[in-house]
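Reviewing the structure listed below.
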Amino acid sequence: MQFKNLLTLLPFVVVAQAGPFSKRADCGNGRTAEHEQCCVWYDVLDDLQTDIFVKEPCGKTVHESLRLSFHDAIGYSPRLFSQGEFGGGGADGSIIQHANVEMRYGGNRGLEEIIERQTPLGPRYNVAYGDLIQFAAAVGITQCPGAPRLEFLAGRNKTSQASPDLLPSPADSPDKIFDRLGDAGFSPDEVIDLLISHTIGGQEHVDEATPNTPFDTTPEKFDSQFFVETLLKGTVQPPNGLQPGAELPPLRGAFRLASDAALARDPRTSCRFQSYITDQASMQSRFRAAMSKLAVLGQNRDNLVDCSEIIPEAKTLSGKPFLPAGKSMQDIQPACSATPFPILTAQPGRETAVHPETLSATLLDARALPTDLDDSEHECDLPMFVQSGLGVAVRTKREGPKVNSSADSA
């Protein structure tokens, strides 16, 4: 009798064991995917890597793609819906599909070029712009050493409606930022998690006299230098004076957003901010979680297909956080009362200065700088305000050859 019952159950055991070995979809060129709907993203990936991101790894197009993903998604307000108004479609691609409306919003300045470059890919591969924007951001940051592998869900609707102008501003107070991002579902800690994007960011339009100026000395790496350098005392007076949304930077040629400086020192978020200086793993995992949440604003996650396996792995990060040359622990403004500020070592050499070039930031010997060098101010909009600032190199002499950034040897 027991043997008969065992035979009865056996088919179910076999079926249960067979489930995990289901056949994968053949995507061609030796590539497969768990879901057939994901195959097209291999083709989009090839296009992005060979056309859009190829010339400047972790450069301007990467930064703009990441910024675009935030600007598209954050146009979402449950509060407006509760008041009987249209609160936006979230991560729906409306910033491309309705660029004639949304690009009139001041906070979207500087996104024209990346929108122009991404727009043809939608009809070329018959994919939704909402999917394309999030995919390009996820692929783009893999060009930056130390970046996490982001989740990517596909299947958004191809139709959208122009979003209302809901972008936070770099001149906004923490209270105003927390209110706007809170309306979209983000806690103050998650605002800092989104702000991790500024580790590869810079400004163009907060101070248009000094475009392409980075927020830290290593904008080509997904590292923690942004969190170190934002807590340095601001000492450099910009040649054109402080523009709205800017704060005094700690280094010549660097830029600091007023919102970044305020959030780093606000008692609600200062400890979260400081923690990322020495915790790269949490920085990666929490940024991934925040981006996953951002990418489904206004969407039904259950209706989307997980195509994360198409996203490549980023290069590993070498080096440790450091103080720029010429700085010491006395230059730090610790704001977290619960945890001591980590002890950091300054890079050797004379005081660091950042020189904004056409599309890159180059570290120069401070005494070799021209006297008319713009100290720099930046632009952006809150999280994902990443706009520019590219590769960084070091020159020990003004006309000497470029060598690897001192950050590489840290």
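Every residue gets a Cβ built from N, Cα and C, even glycine.
Predicted automatically and left uncurated, TrEMBL annotations should be read as such.
Within 10 Å of the C-beta of His71 (active site, proton acceptor) there are 28 other C-beta atoms, taking all protein chains into account. For His71, the entry in TrEMBL reads active site, proton acceptor.
Taken from TrEMBL, the feature Ca(2+) 1 binding site covers Asp72, Gly90, Asp92, Ser94. Residues near Ser94 (Ca(2+) 1 binding site) in space but far in sequence (CB under 8 A, at least 6 apart, same chain), listed by position: Asp72, Gly75, Gly88, Glu102, Tyr129, Gly130, Ser160, Gln161, Ala162, Ser163.
All chains included, 28 other C-beta atoms sit within 10 angstroms of the C-beta of His198 (heme b binding site). The annotation heme b binding site is assigned in TrEMBL to His198.
The feature Ca(2+) 2 binding site is assigned by TrEMBL to Thr199, Asp216, Thr218, Asp223. Its Cβ placed at the centre, Asp223 (Ca(2+) 2 binding site) has 30 other Cβ atoms within 10 Å.
A sphere of 10 angstroms centred on the C-beta of Cys27 (disulfide bond) encloses 17 other C-beta atoms. Per TrEMBL, the feature disulfide bond maps to Cys27-Cys39 (among others).
Taking Cβ-Cβ distances under 8 Å and a sequence separation of 6 or more, the neighbours of Cys38 (disulfide bond) in its chain are Ala25, Cys27, Ala154, Val305, Cys307, Glu309, Ile310. Per TrEMBL, disulfide bond is recorded for Cys38-Cys307 (among others).
Classification of Cys144 (disulfide bond) by DSSP places it in coil, neither helical nor stranded. Sequence-distant contacts of Cys144 (disulfide bond), defined by Cβ-Cβ distance under 8 angstroms and a gap of at least six in the same chain, are Pro57, Cys58, Val62, Ile200, Glu220, Lys221, Phe222, Ala314, Lys315. Per TrEMBL, disulfide bond is recorded for Cys58-Cys144 (among others).
Feature annotation from TrEMBL assigns disulfide bond to Cys271-Cys336 (among others). Counting only same-chain residues six or more apart in sequence, the Cβ atoms lying under 8 angstroms from the Cβ of Cys336 (disulfide bond) belong to Ser270, Cys271, Phe273, Gln274, Ser275.
The domain 'Plant heme peroxidase family profile' feature in TrEMBL is assigned to 127-340.
The annotation signal peptide is assigned in TrEMBL to 1-18.
The site 'Transition state stabilizer' annotation in TrEMBL covers Arg67.
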Reduced to three states, what secondary structure does DSSP give Cys27 (disulfide bond)? strand
Cβ distance under 8 Å to Asp92 (Ca(2+) 1 binding site), same chain, sequence separation 6 or more: which residues? Asp72, Tyr129, Gly130, Arg156, Asn157, Ser160, Ser163, Gly298, Gln299
Other Cβ atoms within 10 Å is the metric here; tell me which of the recorded positions Asp72, Gly90, Asp216, Cys307 scores highest. Asp72
Binding-site residues compared (Thr199, Thr218) - the one with the fewest other Cβ atoms within 10 Å: Thr199
If you measure from the C-alpha of His198 (heme b binding site), which of the recorded positions Cys39, His71, Gly90, Asp216 fall inside 10 Å? Asp216
